[in-house]
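The annotation domain 'Anti-proliferative protein' is assigned in TrEMBL to 1-108. Marked as region 'Disordered' by TrEMBL: 122-189. Annotation comment: TrEMBL describes 130-141 as compositional bias 'Low complexity'.
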Amino acid sequence: MRNEIAAVVSFLKRLVKLKNKVEVEKMDLFAERLTVALQEKFEGHWVPEKPSKGQAYRCIRVNAFHKYDQELLRACSESGVHYGDLGLPWEITLWVDPGEVCGRYGEQNFHFSIATFSSDKDEMTSDYHSGSSDEGSTRSSPLTVTNRKCQALNPDAPAWEPKKKLSGMAPSAPAPPDSHHSLPREPFIPTPARYSGEIGSCGQFIHQCMLVFN
């Protein structure tokens with residue numbers, strides 16, 4: 001669990017650095033406090049054997065209807081960082097699951113991978129140093145997964161680029177990364193069976209083929 005949390009904290013730090021509004025010292029403290037907040041939230045909701053269990057509860061989500069994530073607010077309060085200075089995207093969803101961390105910009109876009117993990121004994125490496133003098137961040141947890149390695153802390157995870165917001169669109173529920181909604185629809189292919197028994201069925205079939213393939 002600690003490695004997955006470190007990955008999502010590292011990703012958030014990268015987003016915040018783009019705005020360059022938070023001092024380095026405060027940024028490090030913010031990362032430490034956010035790590036502790038997420039560890040405490042995920043405790044009891046982390047089942048490596050069933051990664052999707054508790055997924056919605058662990059989801060970090062910000063949009064027009066949920067402008068503030070409670071763990072982000074807590075980390076800001078404990079580190080002296082103004083929430084607005086984080087400069088996070090208007091709409092962002094982060095899934096922190098056993099073995100993988102994914103993200104999505106907007107409510108209708110495809111998700112992308114932030115980090116994946118294996119069960120090797122080596123520790124993951126990232127630009128976030130998880131060491132802390134705070135006893136809360138270094139405390140052991142019976143649900144902490146200590147034998148995972150970051151196989152791919154994705155350096156190509158896209159950075160947020162502001163775009164014009166669309167008004168009047170309500171956000172959908174945070175569908176998990178493996179949701180069938182992300183799969184493309186199969187194209188409609190007309191077949192003669194659709195027009196069997198009808199007058200001029202052959203002509204209708206040819207006409208539909210021209211509409212689809214032209």
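Yeah, the Cβs are placed from backbone N, Cα and C, and that goes for glycine too.
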Calculate the per-residue pLDDT averaged over the domain 'Anti-proliferative protein' (1-108) and state the result as an integer.
94
Helix, strand and coil totals (DSSP H, G, I; E, B; other) for the domain 'Anti-proliferative protein' (1-108):
55 helix, 15 strand, 38 coil
